[in-house]
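First the structure, in the form of structure tokens, and then the observations on it.
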Amino acid sequence: MIRNGHGAASAAGLKGPGDQRIVRVWCDGCYDMVHYGHSNQLRQARAMGDYLIVGVHTDEEIAKHKGPPVFTQEERYKMVQAIKWVDEVVPAAPYVTTLETLDKHNCDFCVHGNDITLTVDGRDTYEEVKQAGRYRECKRTQGVSTTDLVGRMLLVTKAHHSSQEMSSEYREYADSFGKPPHPTPAGDTLSSEVSSQCPGGQSPWTGVSQFLQTSQKIIQFASGKEPQPGETVIYVAGAFDLFHIGHVDFLQEVHKLAKRPYVIAGLHFDQEVNRYKGKNYPIMNLHERTLSVLACRYVSEVVIGAPYSVTAELLNHFKVDLVCHGKTEIVPDRDGSDPYQEPKRRGIFYQIDSGSDLTTDLIVQRIIKNRLEYEARNQKKEAKELAFLEATKQQEAPPGGEID
């Protein structure tokens, strides 16, 4: 177990002075390529109770039921631990959620999104807890999925960037990525009821939908806490694209620089990131990157669309005490100047070595190297989902009749 230190009372199952029992909530999953959709699910789950425990599956279990994960289990444990709504992480959680697991961790119920998770033989992994009435559902976040992110990496296009329309080429690729050659594993046609819910023979759970950023979503993710007297304001800036372990390790080290840190992360505009990263970077647009970083427990505030050069105006406005950068290359601004010139002049610039070598480039390389495996994984996953949906509809059909 990996506890995140939210208080001994919570871990013990007590609320405090009145010794009132707290509600302990269980979530589990692969949490591979963690994005703001995962974070939003955990945020919703935490709101249903007082203490959130998250079980993460092993590489072996994921490979057996879904296909090879992008990240190792140790990387995935650490990513989930860094999400601010998580109180405790349970490594090597079983793929099928049972009452035994909930009882072992003293959890009242488990929470999952309104999509389906199936075993290798097509069974609902939450069937047992659903039948026992210890299952709760939260809304799946529209507009983001591992499928979509992998598709963006494999197809070199900038259509996902802010203020740009999705190109027909990207839409065609996104719609077909992971789509099985036949609607069902046996190649059978889908019933009219299922077909109406699954246009083009695609699962409603695996695929791409449009992400619509709202102010409410940002408010839900933000802490809303201003810097307090005695806190050290630390500023970091970058793309923070595909928010990953390398970012978490860096921010964790930054967090250790002060007894009471208040970390502000400045996120550059998509066009600025593309200037210094090239290709089709950033993989995630500014709105998506904002939510990903806001979900991190080591970040207090985010500047959306921060200037590339850290100016005197910015430092004065936020009353910044320290400015930090990792060991990645510092690319000059458009005019050739050092973007950290002002904090260096003030003597408040620190370069941090987090000890992690993982970068967004390396993640993309992992995906490209294993492209065929990931596409096959999605085809297998979607075929199982469609077969499950078809079987469910047939069970719901009136005896001796067709589904209307």
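Backbone N, Cα and C atoms are what each Cβ position is placed from, and that goes for glycine too.
From a predicted model like this one, the values you see are computed outputs, not experimental measurements.
Residues annotated as region 'Disordered' in Swiss-Prot: 173-201. Marked as compositional bias 'Polar residues' by Swiss-Prot: 189-201. Positions annotated as CTP binding site by Swiss-Prot, on the basis of similarity to another entry: 239-240, 247-250, LYS277, 325-328, 354-358. The phosphoserine annotation in Swiss-Prot covers SER356 and rests on similarity to another entry. Annotation comment: Swiss-Prot describes THR359, THR360 as phosphothreonine, evidence class similarity to another entry.
This view paints the features noted in Swiss-Prot onto the structure.
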| residue | record | Cβ contacts under 8 Å, 6 or more apart |
| --- | --- | --- |
| ALA239 | CTP binding site | LEU267, HIS268, VAL273, LYS277, TYR281, PRO282, ARG289, THR360 |
| HIS247 | CTP binding site | PHE240, VAL293, CYS296 |
| ASP249 | CTP binding site | SER354, GLY355, SER356, LEU358 |
| GLY326 | CTP binding site | GLY238, GLY246, PHE250, GLN351, ILE352, ASP353, SER354 |
| THR328 | CTP binding site | THR359 |
| ASP357 | CTP binding site | GLY246 |
Candidate with sparsest Cβ neighbourhood (10 Å radius) among SER356, THR359, THR360, the listed modified residues: THR359
